[in-house]
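> Quick one: structure below, then a few questions.
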Amino acid sequence: MKLFGFGSRRGQTAQGSIDHVYTGSGYRIRDSELQKIHRAAVKGDAAEVERCLARRSGDLDALDKQHRTALHLACTSGHVQVVTLLVNRKCQIDVCDKENRTPLIQAVHCQEEACAVILLEHGANPNLKDIYGNTALHYAVYSESTSLAEKLLSHGAHIEALDKDNNTPLLFAIICKKEKMVEFLLKKKASSHAVDRLRRSALMLAVYYDSPGIVNILLKQNIDVFAQDMCGRDAEDYAISHHLTKIQQQILEHKKKILKKEKSDVGSSDESAVSIFHELRVDSLPASDDKDLNVATKQCVPEKVSEPLPGSSHEKGNRIVNGQGEGPPAKHPSLKPSTEVEDPAVKGAVQRKNVQTLRAEQALPVASEEEQERHERSEKKQPQVKEGNNTNKSEKIQLSENICDSTSSAAAGRLTQQRKIGKTYPQQFPKKLKEEHDRCTLKQENEEKTNVNMLYKKNREELERKEKQYKKEVEAKQLEPTVQSLEMKSKTARNTPNWDFHNHEEMKGLMDENCILKADIAILRQEICTMKNDNLEKENKYLKDIKIVKETNAALEKYIKLNEEMITETAFRYQQELNDLKAENTRLNAELLKEKESKKRLEADIESYQSRLAAAISKHSESVKTERNLKLALERTRDVSVQVEMSSAISKVKAENEFLTEQLSETQIKFNALKDKFRKTRDSLRKKSLALETVQNDLSQTQQQTQEMKEMYQNAEAKVNNSTGKWNCVEERICHLQRENAWLVQQLDDVHQKEDHKEIVTNIQRGFIESGKKDLVLEEKSKKLMNECDHLKESLFQYEREKTEGVVSIKEDKYFQTSRKTI
């Protein structure tokens with residue numbers, strides 16, 4: 001008998017409520033919680049991290065207020081350079097934060113594949129779990145990153161790791177509807193036989209979350225279709241309860257394939273049973289979620305009804321009474337055997353049932369009157385026994401209902417307790433998913449309760465039907481004395497010799513009625529026997545159901561114990577957190593008291609400052625008044641002094657004005673004289689410029705003459721040189737002649753020649769001296785002209801300077817005149 005079931009929540013998926021945090025999200029970073037190295041790691045500044053480590057090597061594994069290291073923050077932000085720097089410095093790779101997450105889990109969680117690969121290559125442990133029981137592989141499954149999952153598995157990640165809900169990565173991929181991850185994990189030989197805490201298989205979860213693609217993948221993997229959960233439901237039951245006809249059709253086709261394979265191994269006798277099973281299974285799909293009551297026997301044992309044979313009615317009646325029908329046993333047309341077989345493991349159950357019914361038909365004891373009387377005595381006792389059995393059964397059903405109610409109420413209480421604490425199932429993908437999970441479990445428990453109520457109603461209907469059958473038995477027993485009285489009448493009528501034709505007809509009618517009544521009695525007895533057999537079978541079935549209920553109860557008790565242990569663990573953890581919070585609260589209260597005292601002190605200071613400020617304000621107002629008075633007095637004195645100064649200044653200005661007017665007249669006279677001088681100097685300058693031009697012309701002519709004289713002088717020097725050479729030759733000749741001729745004659749000739757030559761030389765020298773004198777004269781003239789030119793330039797410069805001074809003096813005169821006019 002099934003006590004629990006899941007409701008018809010159709011395809012509730014975790015995917016809708018998961019799209020929140022992992023867009024990631026990472027950490028909530030507050031600047032006040034971080035140290036310098038943590039800030040540098042968040043920004044990805046590897047140089048700053050290196051400087052922090054150079055200053056203080058202890059900052060390598062330093063924790064912030066959330067127990068996070070720089071490696072955690074770098075992996076969350078995806079800064080590969082910082083991660084490589086920290087890993088090369090041999091930091092702690094498997095250090096955990098406040099949620100017991102390692103840097104590897106954080107890198108996989110934030111989908112930072114490069115950081116995760118670096119950590120795995122440096123020996124990070126991929127099998128560590130956070131406080132929610134999730135490993136890095138669970139987070140890779142959630143983010144649907146096959147490359148990350150493959151790297152985790154290649155570095156030794158456990159493919160069958162369990163979270164706190166006993167979900168393996170494969171089951172978690174099915175819950176999140178990650179079809180690619182399911183295919184990937186199955187290729188990596190993940191176990192398709194894994195079950196969660198409620199003993200639900202992968203196929204059941206795929207059906208529950210309405211994933212036909214995943215169902216098809218699992219069926220291709222030859223998953224066990226007949227596996228049952230804690231409540232005895234299989235995958236097809238989930239499809240029926242959620243009204244998923246497509247998935248149900250897939251599962252039925254897969255079952256047919258399995259049964260076809262088994263048909264080849266089983267004989268021809270089993271083939272008929274299997275076909276009956278499939279016809280009944282398809283035709284009579286259960287309306288509720290109760291699978292254990294699907295094996296509901298609606299069969300009745302065929303009754304023996306003797307067909308009337310040719311002969312006397314008396315013989316017919318005796319034969320019917322003795323139960324010796326000569327014809328073949330005829331089954332009641334309205335009572336046909338119908339059996340619903342649910343579990344394919346119970347193959348051939350239909351045949352065994354048919355054999356049992358045939359044996360029951362053959363073993364009906366209706367042989368003699370003694371046997372009938374013995375049977376009647378047992379039947380008289382039977383209603384009481386039946387009523388006792390019915391009461392026991394109803395008590396058992398009521399007990400099972402109470403157990404179910406208590407378990408469901410206990411589960412609901414536990415869930416409300418957990419909600420009061422703040423968490424239900426603490427798997428964070430994210431909190432909304434857990435809330436959905438809790439709502440799902442509560443709804444499932446409510447539906448289980450409704451299923452138990454439906455089961456109880458069905459059992460009550462069966463009991464009412466049995467009561468009606470017992471009433472029929474009582475009516476049959478009430479008819480037996482009338483039949484016996486009729487038989488006695490017929491015997492007496494036979495014994496009396498004086499009976500007439502009318503009595504004979506009456507007896508004949510009575511015999512016919514007697515035969516009919518006996519036939520009815522035989523039918524009723526057969527029904528009673530069949531009901532007894534049915535009741536025995538049902539008792540056995542109910543005993544089995546009670547055993548199943550006990551087993552489920554034991555399993556539920558274990559589950560409750562596990563939940564209680566988990567609750568105690570969570571309560572202990574929450575107690576520790578509460579103690580920490582209390583300590584922090586006391587610390588904060590102490591700080592608050594200190595702040596209050598400081599606030600009081602500050603208030604007293606503020607009051608004193610306010611009094612001082614009021615005094616200062618009054619003083620300030622008085623000082624302002626005095627300052628105004630002083631300003632007024634100062635302004636008055638200033639006005640007086642200004643008036644005095646103005647009067648003195650005006651007198652001075654007047655005197656200066658008179659003096660300036662005198663100077664102006666003098667300057668005008670000087671200006672006129674300068675004008676005359678300017679005109680005269682201009683005329684003289686013109687004359688001098690003309691003389692300068694003539695001098696320049698003369699100078700150029702003299703220069704030409706000097707050049708010509710130089711050329712002539714050079715020619716004369718050349719001639720003198722030639723003459724001196726000739727003279728030397730002449731002297732040599734004279735000497736030679738003197739030697740040859742007479743010294744005296746030669747001497748006279750030589751003297752005459754010398755005198756002639758001397759005159760020529762003296763003439764040349766005189767000419768040269770005269771030309772030199774002329775050159776000197778010309779140079780003196782040029783010097784004089786240059787001096788005159790310089791003098792003229794100086795006079796021009798003085799004239800221009802005097803001119804500018806005169807312009808300035810004119811402007812000053814104009815200014816003084818304008819100032820006089822204004823005054």
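In case you wondered, yes, glycine gets a Cβ from its N, Cα and C as well.
The structure displayed is predicted, hence computed values, not measured ones.
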> Quick check on the annotations: Swiss-Prot lists coiled coil for one of 236-265, 326-355, 776-805. Which range is it?
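Comparing 236-265, 326-355, 776-805 with Swiss-Prot, coiled coil matches 776-805.
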> Using DSSP, what is the helix/strand/coil residue split across the repeat 'ANK 2' (99-128)?
16 helix, 0 strand, 14 coil
> Give the residue counts of the repeat 'ANK 4' (165-194) per reduced DSSP state, in the order helix, strand, coil.
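Looking at the repeat 'ANK 4' (165-194) with DSSP, the answer is 16 helix, 0 strand, 14 coil.
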> Compute the average pLDDT of the predicted model within the repeat 'ANK 5' (198-227).
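When the pLDDT values over the repeat 'ANK 5' (198-227) are averaged, the result is 88.
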> Looking only at the repeat 'ANK 5' (198-227), how are its residues distributed among DSSP helix, strand and coil?
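Reading the DSSP string over the repeat 'ANK 5' (198-227) gives 16 helix, 0 strand, 14 coil.
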> Which numbers of helix, strand and coil residues does DSSP report for the repeat 'ANK 1' (66-95)?
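So the counts come to 17 helix, 0 strand, 13 coil.
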